[in-house]
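Visitor: Please read through the structure below; I'll follow up with questions.
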């Protein structure tokens, strides 16, 4: 408790205040950390100004004011820009700074960023998350961390404010590897749950009853018992809110694309992962890009010719 109280006097930078970054940064504030925030959309920062956080004009400004920074960004190009761009973190990073990237990006990009950060005398760790917006709000995320093992405890101190599971995976890039594998399985299981629920409904089963049976049987999975894709089956999930919020279809398609690249590079057969990638890409092309990825149920209902 004493070390946490002492550490809390040191500001923490947070870059990327979107669906996930917003509640993550709020949990740092709740734990007493002064937050120095930046987001490419200024309106995302206003809420944090009201909470007493400092808001800056660029990632470089964050690096000038904080020697511990967490980034939560949508994609590899965004991460590259935030770290190495004209107003990026590396323009003003202090030696000895700890930079933790919780974005889900290509493992090879994490490794390249780590090299660039190391040249500046700082430390980079990849720490992508699992659990979604609900877990981000509750502080129950799972962090998969890659980087120098001696720095893990320093990273864990911050990450435990936002997550209940913080797992060391190995060298830089292994956190991303774990996340990509997890999300490929999640996409496959969500499509499977949506298919099973749709078939059951068309066979005359009540969806709540079918979900109850699945969840006490061998077909049970996170997509069926925690994040069911059928409207009216569960409360507090995107399917109960016209698939708003949560984890966007476009982001799932992006993660599945990363899995495809990794599978190609390692000559790994992923036939179901490939099919899931195509389904989510089709969804993006047909107006589902901004809806939660569980909207695959709605997509399947409408796509009679799939």
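Glycine residues also receive a Cβ, built from the backbone N, Cα and C atoms like all the rest.
Below, the features straight out of TrEMBL:
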type: BINDING; residues: 10-38, 73-74, 78, 104, 254; note: NAD(+) binding site
type: DOMAIN; residues: 12-170; note: domain '6-phosphogluconate dehydrogenase NADP-binding'
type: DOMAIN; residues: 173-299; note: domain '3-hydroxyisobutyrate dehydrogenase-like NAD-binding'
type: ACT_SITE; residues: 179; note: active site
Visitor: Report the member of 30, 179 (the recorded positions) whose C-beta atom has the most other C-beta atoms within 10 angstroms.
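Guide: Max Cβ neighbours within 10 Å, all protein chains included: 179.
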Visitor: Return the single residue from the binding-site residues list (15, 35) that has the minimum number of other CB atoms within 10 Å.
Guide: 35
Visitor: Relative to the Cβ position of residue 25 (NAD(+) binding site), how many further Cβ atoms are located within 10 Å?
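Guide: Taking all protein chains shown, residue 25 (NAD(+) binding site) has 30 Cβ neighbours within 10 Å.
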Visitor: If you draw a 10 Å sphere on the Cβ of residue 10 (NAD(+) binding site), how many other Cβ atoms land inside?
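Guide: 11, counting other Cβ atoms within 10 Å of residue 10 (NAD(+) binding site).
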Visitor: Over all shown protein chains, what is the count of other CB atoms within 10 A of the CB belonging to residue 20 (NAD(+) binding site)?
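Guide: Residue 20 (NAD(+) binding site) is surrounded by 26 other Cβ atoms within 10 Å.
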Visitor: Compile a sequence-ordered list of residues in the same chain as residue 74 (NAD(+) binding site), six or more apart from it, whose Cβ lies below 8 A from its Cβ; state 'none' when nothing qualifies.
Guide: 16, 18, 103, 251, 254
Visitor: Mind checking how the domain '3-hydroxyisobutyrate dehydrogenase-like NAD-binding' (173-299) divides into helix, strand and coil residues in DSSP?
Guide: 87 helix, 2 strand, 38 coil
Visitor: How long is the line from the C-alpha of residue 15 (NAD(+) binding site) to the C-alpha of the residue listed as 'active site', rounded to the nearest angstrom?
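Guide: For residue 15 (NAD(+) binding site) versus the residue listed as 'active site', the Cα atoms are 20 Å apart.
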